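Per TrEMBL, the feature active site maps to S223, D380, H410. Sequence annotations record features per position, and here TrEMBL assigns domain 'Alpha/beta hydrolase fold-3' to 141-294, 352-413. Taken from TrEMBL, the feature transmembrane segment applies to 37-55, 81-101.
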Amino acid sequence: MSSCRGQKLAGGLRVASSFPLCQPAGEPSRGKMRSSCVLLTALVALAAYYVYIPLPGSVSDPWKLMLLDATFRGAQQVSNLIHYLGLSHHLLALNFIIVSFGKKSAWSSARVKVTDTDFDGVEVRVFEGPPKPEEPLKRSVVYIHGGGWALASAKIRYYDELCTAMAEELNAVIVSIEYRLVPKVYFPEQIHDVVRATKYFLKPEVLQKYMVDPGRICISGDSAGGNLAAALGQQFTQDASLKNKLKLQALIYPVLQALDFNTPSYQQNVNTPILPRYVMVKYWVDYFKGNYDFVQAMIVNNHTSLDVEEAAAVRARLNWTSLLPASFTKNYKPVVQTTGNARIVQELPQLLDARSAPLIADQAVLQLLPKTYILTCEHDVLRDDGIMYAKRLESAGVEVTLDHFEDGFHGCMIFTSWPTNFSVGIRTRNSYIKWLDQNL
C-alpha cells in the first residue's frame, strides 16, 4: 500500500504520480528493521567476543565453561567498578553478588536434617544424614568451602547441595564451616575459625549429641578450603590435648603454596578459567593484606629469587623437577630468578609460614598425618600443588590416593546441577564420595 494520494483529475479519478513525490509506507519500518538487525548482530558479535576464550579440546563442556567464566568475569568487573567508585571493597561487592544469586536457606528433606548453628562462636551448617540400622553411630566429615579465603559461603546452593549429597549417600553428619572472610579478617584468622569450630565438634559431648563415631571423622575442603583443611590437619597432629583424632583428610584441588607461581601447571594454565594465575596471586596478596604492587613481581618468582635468603630453607621442598612425574613436567622449565625483591618476603613473612603453605611443612609433621585423598584437575593452576603434596606425603609414609581428572578444571566438583552442570563435576563428586564411603 502506498502513502501517495496521486493527483485528482476530471471526473474524480485519481492516478498515481510517475514522479517520486512520496515513498512507500513500508520503507521507514524496513529501514528501522535493518538498523535493528545490524545492532543485534553487533551485540551478538561483541558478546561472543567477550565469552569466547581458547580452551584445550580435552576440557569438559568447553562452551559451558566459557559462559561460566564470562559470568564470573562480568561479576568481577562490576565489583571492581563499585570499588573504584568508593562504594564498597571489591571483594565484599563480588561476594554479595555471588551469595545473592546462590544463597539457600537451611531446608531439611525427608532424609537429611539441615540446621544452622554455631560451634564456639563460629557459624556452621550441619547436615544429618539418615542412620544405618546396623550402625548406631554415624561417621562425619568437617567440610571447608573454597573461594580464595574471600568468597562463597557454606550457605550457597553449590555447597549446600554437595553437603546434602554427602550426608545422604554416606549416612553421615556433615559440618560445613562458615568461617570469616577477607577483607573482614586476614590470615591466620580463617585458620583460627576452622580450628575452633572443629575442636568444639570433637568434644565427646558434642559428638554424642549428633551420634557421631569419634573414630570415623574426616577433615575436607576444596581450593582455599583445602588449604585450610590441610593446615588444620597438620596442626591437629601436633596437638596433644586432642582426645579424638582425625581418621582421614580429603583435599579437593587444594592451594598449598605461594612460593612458585611457575610450576608446570601454572605455566600451562596461566589464563585458564575459572582461576587464571593472576587472579590466584591476587587472592594470596589479599589473604595476607599485602600490597598489589607485589603481584607482578610474584608472578615471575621475584619473591623467592636466589638472593632471598629467607626462602632458601624451603626451596628444596618445592622442587617440582623431582616431585612431579615427567607426564606433568613435559617441556616446562623452572623459573628461578638470580636477583629479585627481598622486600616482599620481609613484608609478607606469612608466605613462608606452613600454616598458609602446608606443602612446605617439615617431614616430621607430614609423617603424622592420616590417610589422605587428593583430587587434582589437569586444567588448573593448582594441579601441581596437589601432586607435589601427594608425593611428599608418600615419602613421609602416609597412605595417599591421588585422583586426577584429565578433563577437569578448577572448581568443577561443585558444578553438578543445571544450569552449571558439568560432566566432570558429577564424576569428581561421585569419585570423592565413593572414596569417603570406602575409607571413612
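Positions of Cβ are set from backbone N, Cα and C atoms, glycine also.
Note: the domain 'Alpha/beta hydrolase fold-3' (352-413) comprises 23 helix, 19 strand, 20 coil (DSSP; helix = H, G, I, strand = E, B). Along the domain 'Alpha/beta hydrolase fold-3' (352-413), the predicted structure has mean pLDDT 98.
Cβ neighbours of H410 (active site) (same chain, under 8 Å, six or more residues apart in sequence): S223, Y253, T272, P273, I274, L275, C377, H379, D380, V381, L382. Packing around D380 (active site) is summarised by its Cβ count: 26 other Cβ atoms lie within 10 angstroms of its Cβ, all protein chains included.
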